Structures are given as structure tokens and as C-alpha cells.
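Attaching a single structure in C-alpha cells format; questions to follow.
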Amino acid sequence: MSLSKHLQKLVHKRESKKQPNKKMPVSVSKLRRPRTSKKTETGNPEKTLKDPRTCCNNLFSIFSARSFLYRVPLTILFLFLIYLWSTSTTVISGNVVHICISSRKLTDLYCLTAGSQPALRAPVNNFTAPASEDVVTSKEEKNVFVLGKDGDKGFAENETFEGGKDSDKSTVGENLTINKNETFTGETSGERVSILNQDAKPIHEKNLDSVLDQDSLPKNEIDQDFIIDWDPETGEERYRYFKAKTEDEETGLKSTEEYIQIQRTWLSMGNNRKKPGSCEGKGVYVYDLPSKFNKDLLRECSDMVPWADFCNYFKNDAFGELMESMGKGWFRTHQYSLEPIFHSRILKHPCRVHNETQAKLFYVPFYGGMDVLRWHFKNVSSDVKDVLPIEIVKWLGSKKSWRKNSGKDHVFVLGKISWDFRRVDKYSWGSSLLEMQEMKNPTKLLIERNPWEVNDIAIPHPTYFHPKTDTDIAIWQNKILGKPRRSLISFAGAARPGNPESIRSILIDQCRSSPNQCRFLNCTDGGCDKSESVIELFRDSEFCLQPPGDSPTRKSIFDSLILGCIPVIFDPYSAYYQYTWHLPEDHRRYSVYINKEDVKLKRVNVIEKLMSKTLREREDMRSYIVHELLPGLVYGDSNAKFERFRDAFDITMDSLFKKIAKTV
């Protein structure tokens, strides 16, 4: 019996009980006369109009008669709609409702109203919502499943940075909830999964292959901005941030990755300096060089660069002037002050020895960066620039300690980028110190390394913070985690109009186009000259844009990290291929990577991409930065006494000892 016939019978039965002596009239259509019962009689038309139940019955009779002819097609259509609904997901994104179809044959959701297939890989074997409860709703439309930009996927917040409170969860039917605690990989706005019940666990994206059709998947995991590859020998994951365009580029990229992995094997994970006998076999000898190689260079501070007096930067053991407004341990430190800072600290190292025969590591306190800097803007010949580099190599060559291992157990700390010491004939910039054959074996610690030199090791730029005790670090950690962030994004820098490869102008335009989300501090007009201005900007921001400048690396990356601002990296050579001892291999834990080529070709809007990051993602990253990374990114006071933490200097020295033990 059809649904309409059954309902008609119930209505007739009910009417006959209430009005046994009245017959229900039936309206006659002008186009088609429905078949009527023999018992039906014509009643009073006025009563027909006055009685609403009678009108309803008239309309129902028409529907019943017409549906009789279409009973079979309507039944089929009704069943098809049920099937369609049970295999679809309604996705609410802003003011748009997307209907997305999934099936056991398709591992992707195909959104009929999206206009394209956004490649949303769904782990269908791991969680399934009831068919009738697939409509995603959210309180105040805060936390919804959206189609992200450029094919992103997943759960994101429809938030502007200035408004409203974040809801803790969005309900999806009775059993399915979207918890903000559940993160997927932390890289894109969509890498979040819903948990059907308490026992279910989120699946990391790189492991989704185990629940999907193996034949339909690529060999390597492809995220929007980088590729997760696997080492066939070790099974460990590797990150590819761009695809080599030529065979030479591929060779260079493989060398970079190989040297990065080698350097990570030298990283010392523990702190055993304070254990009894911890300096056994770890003596460090500091050469007492003629003053022309270090102290005399600092005395030229007033004439080092034409437009600035560097003398103030060399106060307080080269930390610079104290920033009283910031409190204890904060100084106006220059980015090129690493050499004297490291020298002051190593002179007080607990494993320092004064007898060369007791040493395993030899430190050469040559301020090569200061030597390069003083000639940068002076019209002198290359021979003049190479005077001290040639003399230091000659001086070392006279030492038995150098000749014993051909310099393999020696270390230089150079406070500029590697390329400033690798001048070739056609250029006039810098010195040729690191191009000398004698300099191949020693370890070179620099603020930016040559990725194709395994003995070039990058260590952090000096920041503004130089704590003296564990308490100083702990107080700052608590303070920065509790600091409200009034801006979503910030950028402190200047455009590079003469560099066609620079993306800075594009980022500045995007930032200025979204003043509610992004703040721009223009360094061209002196806005960055005052350290406090940069600190205030980063301390108030969730994300800090870090595009390459004159070279890939930036002091600003480390300034942002110690201020709790998540760095946005556009070039892997800015950080990921540099600081193997101080930054973890998994960049997603502390940064956001956006390929600079995508920015240059305007395939991505950086502001929109960062707006898609959830509050929980931001908080998790900041917590990791502040608790796990921050202590190891700062150079402590020259008299620092750390028991609980290791600062950047401690990590560097411990790892140097391990490197020498493995390679000499």
C-alpha cells in the first residue's frame, strides 16, 4: 500500500467518526477529473470553504489522484534521494553549502558545488558518521569543515582575528565531534581529523596509505608546500621543499640532504658536563692569538661602516647596551656580534685546558667576520682583504697542534655568512678565507652555512636576550606564553626592488591589503633601528613573516622564536638546511613553510593561508617553541650558570666534542 493511500484511509476513518452524517466534498479539477468514490456526494460549498479540514481533504484527494499515475517513478526517486543523502556530506563553508559525494570506490570527496575536485583524502575505514547525521553544524559558525585554499582540506576556524570567542567543539550528529585538541600534522589548515569515539586515534597524513587503495597513491607523500619522502635504507622520513629543475640541482640537493643528516649524527642530546669526570677527554684549548686577529678589530668600531658607530654594540661583552625597559638580560645586540660573544664564553668553559697536549678541541679566536665587515664599504683591493686570512693560516701552520691532525680538531667561529668568506676572482665582496685549502678540514661555525660543505655548521644568530640563570629563562617562558597576541601576522623588513627573485614586495602588498590581520614595520625609513620596536611587534604577533633578504637566513627568525612568534619560512635554506644542532628536523613543530615560488607566481595568498590556522594549532606550536626550543636558541651571559637548561653555546660545545670524537 502506498504512503498516500494509507494516509488517505486514515483521514477518511477519522472524519467518519467525527461527522458520521456528513459526506466529504471533492473539488473537481478543470484539467483532469479524478476518479471519485460512489459514496461521495456534493455538499454545501459554504461549509466546504469554512471547514479547514474539508479543504485539506480536497487538496489531499487531488494529490492522491495525481500521484497514482506517478506512484512508481516517485517511489524510485524517493529511494534514490535516500541513497544520495546516505552517501553524501553537506559541508558548510561561510555562506556556501557544498554537497560532497563519497563512496567505497572513491577515496576522495567530490564536492558537487565546489566546481573542482579538491583531493580530500578521507580515511574511510577509520571513522564513519551515521548517514542521517552527516550535516556538519557549528555553534556560531566557528569551527567547520571547509575546503581550504589551493586544495587544502579539513577543519578550520571561520574567524577574523579581532572578534569573538573560540568554541571548544562543534557537534556532528550524536557520536561525531570535532575537537580542537585533535591535530593531524600541523602544517595546513585542514590537517585535522574528527574522532568518532574515545578509542579512535587520529591518523597522521603520511600513514593514510595503510587504509587507502595502494595502487592509486603516489610513492611519496605530497603536502601542499613540500614532499615527505622516505629513506629506503633507514625508513626515516625526509622533507623535500622543492623539485630540482636540472641534474646539477638534483646533485646539489642530494649533497645538502646528505650533509644535513651527517651533521645531525654529531648533535649531543644530553648534558653531562656537570657529572663527575664529564670533562675527561674533552679538553678545549683556546689559542692566545696576536691582538690584530681579534681585539684590535673591535677598536675600529667607529669606522667599521660609514653610517653607524659600532662601539655601543661591543659593550657588555659584545651584548650591546642594556635595554632597561625589557628587564634583566635584555640588550641591543647586533647580528654580527657572535665572534666576541662566543670568545668571552669559551674562556670560562669548565673543560678549558691550558696545556695543548691535554686538549681534544682547539678554538681559534680569529674575528674573521669583523675583518670582512671593516672592508665591506671601502675601496680596497682583494689583496688587502686577504691579509689577515693569509696570516692566520700561516700562524697556525707553525703550530704542532695544527699539523698533528691537519686542523681537523680545530674550530673557527665566524659571525657572518659563509659566502662572505668565499670570494671568487670575479667578485670584490668579502675575503677568500674559506676558499683556502688549509681551511677545508677545520670546523667552521657560522650564522649561515654553505649547504655543500659538511664542515660548515650553522649556529643561531645572537638575539636580544642573554639570561644568566635557569630562573631568568623560566620567568621569560611564563611571561611570553601569557602574553596576549593582538595581531595575527607581522612583517618587519624592507622591499628588495632590485632583486627580481625577492618576494618581499608581494608580501608587503598582501600585508597592507589586510590591515586587520597583518602589521608591517618598514625598515627602509628606520622603523627597525630601535630594537624595542621590533620586539614589541613580534611579541604581539602570532606569525612573523621571514622571507629571504640579502641572503636566505635572518636574525629575525631567532628574534621571533624567543618572543613566541611562529616564523613563516619561504626558503628551506633560511632554516631547515641550516641549523641542524638547534632546530628539529620536523619543521612543522615550530614554523609554517610556504614555497616562495608559489608566492612569486601568486598561487597562494599568505594572509589567507595563515588565517586558516586554528587557535589550537597556534598554541601547540608556541608551547613547543617556548618550552623546547627557546633555551637552546639564546646565548647566555658570559658568567651564566645553567643547571636545568642548555643554551645555544652549551649545545654547540657539547656537539663539537661529539663531532671531534667521531671524526678525528
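Note that the numbers count up from 1, one per residue, in the order the chain is shown.
Note: Cβ is positioned from N, Cα and C throughout, glycine not excepted.
The shown structure was predicted, so the numbers you read here are calculated from the model rather than taken from an experiment.
In case it's useful when we look at the structure, here is the feature table from Swiss-Prot:
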- 1-21: compositional bias 'Basic residues' (COMPBIAS)
- ASN126: N-linked glycosylation site (CARBOHYD)
- ASN158: N-linked glycosylation site (CARBOHYD)
- ASN175: N-linked glycosylation site (CARBOHYD)
- ASN181: N-linked glycosylation site (CARBOHYD)
- ASN355: N-linked glycosylation site (CARBOHYD)
- ASN379: N-linked glycosylation site (CARBOHYD)
- ASN522: N-linked glycosylation site (CARBOHYD)
- 1-49: region 'Disordered' (REGION)
- 1-71: topological domain 'Cytoplasmic' (TOPO_DOM)
- 93-664: topological domain 'Lumenal' (TOPO_DOM)
- 72-92: transmembrane segment (TRANSMEM)
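Relative to the rest of the structure, where do these features sit?
Within the same chain, residues at least 6 positions away in sequence whose Cβ sits under 8 Å from that of ASN355 (N-linked glycosylation site) are TYR285.
DSSP assigns ASN379 (N-linked glycosylation site) to coil in the three-state reduction, placing it in neither a helix nor a strand. A sphere of 10 angstroms centred on the C-beta of ASN379 (N-linked glycosylation site) encloses 7 other C-beta atoms.
Note: ASN522 (N-linked glycosylation site) has non-local neighbours ALA494, i.e. same-chain residues 6+ apart with C-beta under 8 A of its own C-beta.
Averaged across the topological domain 'Lumenal' (93-664), the predicted model reaches a pLDDT of 80.
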